[in-house]
Each structure stands twice: as structure tokens, then as C-alpha cells.
Amino acid sequence: MAYVINEACISCGACEPECPVNAISSGDDRYVIDADTCIDCGACAGVCPVDAPVQA
């Protein structure tokens with residue numbers, strides 16, 4: 001299961017550089033995770049100050 005970024009995202013960008021497979025990019029109102037690229041490692045969740053990345 002891939003991670004998704006929920007509506008709690010404050011677009012701080014902390015998660016993007018932590019992703020080892022570059023699955024995270026900035027979206028219109030929050031960051032988004034490409035489910036096909038995500039390897040479910042949880043690195044994004046570990047650095048998010050608002051716990052926005054959650055397992056889908």
C-alpha cells in the first residue's frame with residue numbers, strides 16, 4: 001500500500017527531499033505522492049510536522 005498525503009498538509013516541503021524514490025511532488029494545494037512510485041517506506045511520514053502522509 002502506498003502512502004497518500006491528506007488534507008492536513010501545510011505544504012512545508014519537509015517530505016519531498018526525504019523520499020528515496022522521488023515519489024513526492026508539489027500539487028495545487030498540497031504535496032502529492034505518486035502511488036505507482038511509492039515504496040511504502042514511511043520516510044515522508046517520519047518527517048511531517050502535521051502527520052499528513054498516511055497509508056492508503
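Glycine is treated like the rest: Cβ placed from N, Cα and C.
Around the Cβ of Cys48 ([4Fe-4S] cluster 1 binding site), the same chain contributes Cys9, Ala14, Cys15, each under 8 angstroms and 6 or more positions distant in sequence. Classification of Cys48 ([4Fe-4S] cluster 1 binding site) by DSSP places it in coil, neither helical nor stranded. Per Swiss-Prot, [4Fe-4S] cluster 1 binding site is recorded for Cys9, Cys12, Cys15, Cys48, and the stated evidence type is experimental evidence.
The [4Fe-4S] cluster 2 binding site annotation in Swiss-Prot covers Cys19, Cys38, Cys41, Cys44.
Within the chain, the domain '4Fe-4S ferredoxin-type 1' (1-28) has long-range Cβ neighbours (under 8 A, six or more residues past its boundaries) at 34-56. For 1-28, the entry in Swiss-Prot reads domain '4Fe-4S ferredoxin-type 1', with the evidence type sequence analysis.
The domain '4Fe-4S ferredoxin-type 2' feature in Swiss-Prot is assigned to 29-56. If you look at the domain '4Fe-4S ferredoxin-type 2' (29-56), the same-chain residues 6 or more away from its ends with a CB under 8 A from one of its CBs are 1-16, 18-23.
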May I have the DSSP-based helix, strand and coil counts for the residues of the domain '4Fe-4S ferredoxin-type 1' (1-28)?
3 helix, 6 strand, 19 coil
Counting distance between Cα atoms, which of the binding-site residues Cys19, Cys38, Cys41, Cys44 is nearest Cys12 ([4Fe-4S] cluster 1 binding site)?
Cys44
Of the residues in the domain '4Fe-4S ferredoxin-type 2' (29-56), how many are helix, strand and coil by DSSP?
5 helix, 6 strand, 17 coil
For a quick check of packing: other C-beta atoms within 10 Å of the C-beta of Cys38 ([4Fe-4S] cluster 2 binding site), how many?
20
